Ligand code: AP5
């Protein structure tokens, strides 16, 4: 099963992708995480990525297309993958179609996570992750069972993303509406677009996604 989670910054794509990964044995392909790994590695591309991400703008299409083409060719993707953060422009969506066709693969689900802009700033500015295992949390919506201790690995070190501030979120949202939202009619026209209410609580959103997966599998 190959699927795309689409939605604005903070919609819950990463949160739900992690759950689907655990439940269905799929691989989460988060282009944001890939770029943050490049930045952390100190590779030459890292400086450009760091500046663009900090400004809340999008990286060049060719680069992102090459990154995903390389990633989905790897053996661990054979059992299925969840795209989280890609495609983000119509040229990326078109390139993905060509990539999948070449490999004889198809998209089983393109799921839009609908969330009001007003809720996104609160979600993003309250987000933090475990520095050791990467598990995601939120100051209000997703706290660890024991304050200050990661549920998954017991670490007490956490970090926040450099682009998770109110100012950058505004630019990221504008980029979403201008450059990414046009993907929705692209997939709608192909009859593969589905949607969930991303304003619901985290477990409920998972339930809605699972229902879509089950419906199509039936
Ligand atoms: P990326 O890392 O992809 O960021 P994003 O799309 O802005 O998405 P986020 O990771 O911020 O949000 P999310 O939807 O995963 O939400 P989450 O589950 O964490 O990209 C970063 C940058 O990289 C881009 O700005 C761009 O520069 C570059 N980039 C990446 N891909 C690119 C591409 N293809 N082309 C060009 N450039 C690219 O949830 C957020 C918070 O809310 C969490 O704390 C969570 O606990 C909480 N939460 C989640 N769901 C709920 C819920 N239902 N109710 C309440 N709280 C919730």
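Quick reminder: no glycine exception, Cβ is built from N, Cα and C everywhere.
According to TrEMBL, the ATP binding site annotation covers 10, 11, 12, 13, 14, 15, 127, 200. The feature AMP binding site is assigned by TrEMBL to 31, 36, 57, 58, 59, 85, 86, 87, 88, 92, 161, 172. The feature Zn(2+) binding site is assigned by TrEMBL to 130, 133, 150, 153. Annotation comment: TrEMBL describes 127-163 as domain 'Adenylate kinase active site lid'. TrEMBL lists 30-59 with the feature region 'NMP'.
Overlay of TrEMBL annotations on the structure.
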residue : record              : contacts (Cβ under 8 Å, 6+ apart)
10      : ATP binding site    : 115, 119, 120, 121, 123, 124, 127, 169
12      : ATP binding site    : 113, 115, 123, 198, 202, 205
13      : ATP binding site    : 5, 6, 7, 30, 84, 85, 113
31      : AMP binding site    : 64, 67, 68, 84, 85, 86, 88
57      : AMP binding site    : 171, 175
133     : Zn(2+) binding site : 150, 152, 153, 155
161     : AMP binding site    : 36, 127, 129
200     : ATP binding site    : 208
Return the members of 11, 86, 130, 133, 153, 161 (the binding-site residues) with CB less than 6 angstroms from at least one atom of ligand 1, or none.
11, 86
Given the binding-site residues 14, 15, 130, state which is nearest to residue 59 (AMP binding site) when distance is taken between Cα atoms.
14
Neighbour count (Cβ, 10 Å) for residue 59 (AMP binding site)
18
Rounding to the nearest whole angstrom, report the longest C-alpha distance spanning 31, 36, 57, 58, 59, 85, 86, 87, 88, 92, 161, 172, listed for AMP.
25
Helix, strand, coil: count each for the residues of the region 'NMP' (30-59), based on DSSP.
23 helix, 1 strand, 6 coil
Secondary structure of residue 88 (AMP binding site) (DSSP, helix/strand/coil)
coil
The domain 'Adenylate kinase active site lid' (127-163) [mean pLDDT, rounded to integer]
95
Looking at the binding-site residues 11, 130, 150, which sits with the largest number of other Cβ atoms within 10 Å of its Cβ?
11
Which residues does residue 15 (ATP binding site) neighbour through Cβ under 8 Å, counting only same-chain ones at least six apart?
136, 142, 202
